[in-house]
Each structure stands twice: as structure tokens, then as C-alpha cells.
């Protein structure tokens, strides 16, 4: 990193700035890089067919020998989902809490990377030392156990990364360690990187304990079957649902691979506790009274292939909605998922279920702190410089305002873009330069093989349709021997558009005869002539621009 001086610490992100997801941050001092998280981002609607988005790891691959380790703040997908794709390109040790490592272990096994990866479980009191830098941890509260903030000690000063956090004073699990945070602040912090997700919420975030009370209220009041959907990674929420089921004499059936895996890991690590006979097999749910059954499932985000979506649209093999069923959405829609969640809720209502959802029911709370919690973090850590992370630009902007309210000068606050490098030393900080960054699209097993041109083609196909032009040409005599024939898919209904098709065929035929008179032998030129002739004609007649695919056969 030539633009950073030898006595400066560099801080940068490959993902997570100006967006929700693909959180990947790094602290570099000279030849030592400490990597923090490697997450995925869920695609927005215009990314047709894309499964996930990860950062461009080019800089990390080129500097693999400098990476001392990857440190995980917690086990959510937007923080660990990219790790298998990163580890295909670099061989580095991974450090994290026992739950995060447990979730990651399953993920690496699926990708065939478990044997080659060195996994290290850390606790709050551990310190990982390298030649020039060291990494320590402090316990935070989030919507998943084993969440940590990270302190990277470098010669110019300490860099603190909060991870995702809230201050819950009646938590289900262990409370955040405010004492240690205050000690870190007292020792001195050069720069704070802090979670900006809920910076537009002026209040404290509701306690997870209050959600638990609402869950118990639902279980006491509902007589029929309860179908409960939430994030599989929200272990505390799963424990509270299971407790409510047990206390009300219900058995629990689990649907969804990620949910089954999370419960298995939670039980193994002691985060989920229940009597041995609590869980039942899938084939038992229809043999038991409705008021004795709870179904715990995935699909709270309206994912098309998740259990709840298939229940809602009637395609699930083992569960169909019965009169008296109550479906609980214990989540809020991730940006981009609002339409699919609404669709699922409507389908459930149409099928005859009662649906409990939304903020009025206190059945979900965020794992991210609001403004008062963000200000508390700022006052505990007391950084010299501040860099808001993990949020869209407006969230980062609001977080800077909170920082200035807490006494940090505005010129000491930096709203960064992915790839920009913040160079820090003593009383000085500046954006020193930029490294390669961007997005890599994952589609099935393909990684990075989907570019903007492919996405553009998918958009055209989805919105405008496809017209295939098939023509046979005798290249000896330069004459059309058959065709042109037109095939439409998603553009017009052929039987009802005979005049349009006939006119288009005649247009292409007349133009190709002129092309043949020039004795053209280049396939690409002939195809371009067909496209350039047909496209304006179709737009004039239909005001649509379908994708045109010429197929030329030589006779």
C-alpha cells in the first residue's frame, strides 16, 4: 500500500459501507493485515437470478502473505457468508466465538474446505498477538450469542470495531461488557468503526426479553396449531419459542435445513436447552391435536423455496394450512424483501390462517442499537477519529451527527466508500488512496462469471421477451433457401400476431436479399443486419424491445 506511510495504520472496507451486507473490514500496519468479517449481501430485485453478492477480494489475494488472520464478530450471514469464497482464494487462519465457529464449520464442510482451514475459538479474555499488532475482544449484545467487538492494537494507536451491537439491559443471554468498553476507552482509541444500521431510530431498541414475553402471551392465547417463522441464526429467539412451547404442553417440529442446523449447533453448544422429548418428527404433526403442535420454520423473509413460502402457496409436501392455524412472523423484512414477505402473508390469510406480524405485536426486535445506544458506545470508547460502518449512506450520515453531538469534531469523522483507505497516526487522519473493490455475483456454483452484460440480457428477457430468427442460406449461390422463420418467447402470442410476424418475415427476407447481393460471407455481419433491421420495426409496432437472436444455417 504505497500511499500509506510506514508509521501509519490503514483502515479500509471491501464491503459494508453505503450498504447493508457483505461486511468485510481490514486494519493494516506495514506488512500485517487483520481482517474483520467476510460476509455476503442478499441481491436486490434487479440482480435477476443472482443468489448472493460478495466483495472483490483482489487486494486480499495479492497480499495473502500479510494477512495474519480473519476475526469474526458474530455468526450472521452478512458477516460469515463470504468466508468459503474467500478461503478458496487465500489460506488464512480464522478466529471467532464458539457459536460463530460452529456455524462456520458446517458451512466450510458443505464447501469442502473444512480440512484445510485452521479454526480458532476465542473468548472475551483472549489476546491474539502478532509481531507488530495484537487483537483482543469485548462482549457485546446482538440477536445472536457469542457476539464480540474487536480491538486491533497497532503502534500508532488502537482501532476498535464494534461489530453489530445493541445495549440490552435485560438480555436473554450474557449482557454486554460495559466495564471493559470503558477500560478500552480509558486506554485510548485512535479510531472507532461502529455499527450504523439503526442510527435513524431515536430510541433504545426494545429488549429481547420483551419479545419473549410476547411469545409466551401468544402461546397462552392460541388454541390451534402455531407456525412460527424467524431467522434460523436468532438462537435466543429459538430458545424462547421452545420454552413457550414446552410450558404450554406443545411439541416442536422443525422445518428448514438452516433451522435444523442452527438448533443442532445451539444444543451442542448449550445455547438451546429443552426436555429430550420436545422435538417430534415431521410425520407426527398431523397425528397430534392442533393445540399440542408448534412448527418452527424458515421463510420469515418470504424466500421462495423456504418452508413457510411453500406452506403459504400450498406446495409443501407435509404441511397445509388448516382452520385455526396461527402463523407468527418474528422478524422484520430485510430491505428488498418487503414485497415477497407481503405476498407470503397474503397467501397465508387466503389459505385461512391467522397471521401475527408487524411492530404492534412486540414479536420482533432489532439486534442493532438505536441512537441512544450508539451515543453510549461513542461515550464509552471515546475515539479520536470516527468511521461509521455497516449501513447505507444516510445511516452513516446520521451516525456522524450523533458523534459530533458526543464531542467528536466533524473533521475527525470519515464517511468512507468501499475501497477507500483511511490512514491514521497520532492527531492526523486522511483518506490516502483507494484499493480495488466492487461486487462479485454468485449464481449457483458460478462465482464472478455473471457480469453487467449478462444481467442486462436477463433484464431484457424478463421485461421484453425473446424473438428468434431462423434462416437457411445457400452460400454457394448467395440465396435464401428457407425462412426466415420467427419464434417468439415472452414477446407476443404467435397465433394472435400473424400480421406482425408475416410483416417482420417479409422485411427480413427483402433486406437479406440485398445483403446476399453484396456476397457477404461473414456470419456476424449477417446477424447484425437482421438485428438492426428487425429491432426498430418491432419497436415501431409494439413499443417493446425484445432480445433478438438470429440463427443462420448454411446449406
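For all residues, glycine too, the Cβ spot is worked out from N, Cα and C.
Predicted, not measured: the structure shown is a model, and the values here were computed from it.
The active site, proton donor annotation in Swiss-Prot covers 195. Counting every protein chain shown, the Cβ of residue 195 (active site, proton donor) has 30 other Cβ atoms within 10 Å. DSSP assigns residue 195 (active site, proton donor) to a strand.
The annotation active site, proton acceptor is assigned in Swiss-Prot to 368 on the grounds of a curator's inference. In the three-state DSSP reading, residue 368 (active site, proton acceptor) counts as coil.
The annotation Ca(2+) binding site is assigned in Swiss-Prot to 49, 51, 443.
According to Swiss-Prot, the Zn(2+) 1 binding site annotation covers 74, 76, 142, 164. DSSP assigns residue 76 (Zn(2+) 1 binding site) to coil in the three-state reduction, placing it in neither a helix nor a strand. In the structure as shown, the Cβ atom of residue 76 (Zn(2+) 1 binding site) sits within 10 Å of 25 other Cβ atoms.
As annotated by Swiss-Prot, Zn(2+) 2 binding site applies to 78, 79, 164, 390. DSSP classifies residue 390 (Zn(2+) 2 binding site) as coil under the three-state reduction.
Swiss-Prot lists 364, 365, 366, 367, 368 with the feature substrate binding site, giving sequence analysis as the kind of evidence. All chains included, 17 other C-beta atoms sit within 10 angstroms of the C-beta of residue 366 (substrate binding site).
Annotated region 'Required for endo- and 5'-exonuclease activity and dimerization' per Swiss-Prot: 450-555, in sequence order.
When the C-alpha distances from residue 390 (Zn(2+) 2 binding site) to the recorded positions 142, 195, 366, 367, 368 are tabulated, the minimum falls on 195. Annotated pair residue 364 (substrate binding site) and residue 76 (Zn(2+) 1 binding site), C-alpha to C-alpha distance, rounded: 17 Å. Here the binding-site residues are 78, 164, and the one ringed by the most other CB atoms within 10 angstroms is 164. Taking the centroid of the Cβ atoms of 74, 76, 142, 164 as the Zn(2+) 1 site, the other same-chain residues with Cβ within 8 Å of it are 73, 75, 79, 143, 144, 147, 163, 165, 367. Of the chain residues outside the Zn(2+) 2 site list 78, 79, 164, 390, 16, 21, 23, 37, 39, 73, 74, 76, 163, 195, 197 have their Cβ within 8 Å of the site's Cβ mean position. Taking every protein chain shown into account, 74, 390 are the binding-site residues, and of these the Cβ with the most other Cβ atoms within 10 Å belongs to 390.
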